[in-house]
Every structure is written in structure tokens, then in C-alpha cells.
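Everything on this sheet refers to the single structure shown next.
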Amino acid sequence: MNKKKFGISEITKISILASISVLLMFIKVPLPFAPTFMEMDIAELPALIGGFAMGPLAGFLIVCIKILLNIVINGTKTFYVGELSNLIVSSTFVLTTAFIYKKHKGKKSALLGLLIGSISMSLVATLSNYFVIFPLYAKLLKIDLNAFVGMVAKINPLVKSYFTLMIFSILPFNLVKTFVTSIVTALLYKRISPILKRK
């Protein structure tokens, strides 16, 4: 986004989109193969739309404000580990998608951005959960990582180890989440973009 254009109008739009993101966080759908503390939402939708219309920086700010507002409204149930994970994966999705679209604006570029953004987020989510998020959460809860394995194994028979937890639960969870979010974004963006591009 051009700094000269980053004025009151853009700040207002970013704030509104971030508020919508928070509302979307309340609409959660559990997935049968994922941990019970992970429920799917499409809260990245406004950030993706904002990233398309106003640039990657706007999309990133929407993600950050969404997380901060959610903490203020709901607090945290995960010692802020969930919020850290949200920041990592959502930023990956939004920034990757918005940067690709910014280079060559058009329908094909938008779809390519959503595809690569979805894959990037799913991979980053899997790796960050494996190496950082789950170990940190387990440490704060003072439990063994195998406790998560046992929890998910009850609902997903493919999960038999910490590694398979990531491959057969965390990875597909994020693939489904990004796929659904991408479809909704693709359907809505052209209808909403004229409003966001008004001065």
C-alpha cells in the first residue's frame, strides 16, 4: 500500500474489516479429525479481501487488530499460544496471497495467490505447530506431548504418534480451512471491492 494513500479512509476500512473478522471468529465449526480445541472459522476472509483491495500491509494489520480485539473481548484460553499461532498462520496466508495478487492484479492472479497462500499457510501451520506451538502449549500446561496424541487418536484412528498428529490432523485441518476461506473470498471479493476502493 502506498503510504500517501494510507489515510483516514484506509484506517477506517481496516478497522471495520478487523471487527468483522472478530465476529467471524465466533462462528466455528468442529472438524471430526481435529483436536477439540481447534475449530474451523473463516476469520481470515476480511483480511484477504482487505489485502486484495488495499495491499499486503492492510491485510496484515487486519490480522493483528483482529487478534488484539479478540484478546480484549474474550481473553485467552491458551496462555496466548493460540493467539501466537493465529498470528503466524493467518499472516502467512494473507501476506502470501496479497503479495502475489499485487504483482499481477487479475482473476487468475487472485486465484493463484489463494492457492499458493493456502498451501503456504497449511505447511507453515504444520511446521510451527510441530516445532513451536504444541511443545510450548504442553510446557505451559505441564503435560506430555503424547497427551495431545491420545486426545486426537480417540476421534482420528490415523493418529498414532506426534508426527501423524500433524500429518493426519493439523495439516488437513488447515487445508480444509484455507480451501473454504478461499472459495468464499473468491465469490465475494469482486462484489465488495468497489466499496473498499471508494475514497
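Yeah, the Cβs are placed from backbone N, Cα and C, and that goes for glycine too.
Predicted automatically and left uncurated, TrEMBL annotations should be read as such.
Residues 41-47, 49-50, 53-54, 57-58, 61-63, 65-66, 69-70, 73, 196, 199 of the same chain lie 6 or more positions beyond the ends of the transmembrane segment (6-27) yet place their CB under 8 Å from a CB of it. The transmembrane segment feature in TrEMBL is assigned to 6-27 (among others).
Below 8 angstroms of C-beta separation, residues 1-2, 6, 10, 13-15, 17-19, 21-22, 25, 80, 83, 86-87, 90-91, 93-95, 97-99, 101-102, 110, 114, 117, 181-182, 185, 188-189, 192-193, 196-197 of the same chain, each at least six residues beyond the ends of the transmembrane segment (48-73), sit close to that stretch. Summarising the annotation, TrEMBL assigns transmembrane segment to 48-73 (among others).
Residues or ranges marked as transmembrane segment in TrEMBL: 79-101 (among others).
Feature annotation from TrEMBL assigns transmembrane segment to 113-138 (among others).
Positions annotated as transmembrane segment by TrEMBL: 162-189 (among others).
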Spatial neighbours of the transmembrane segment (113-138) far in sequence, C-beta under 8 Å, 6+ residues away: 48, 78-79, 81-82, 84-85, 88-90, 92-94, 96-101, 144-145, 147-148, 162-163, 166-167, 170-171, 174-175, 178-179, 181-182, 185-186
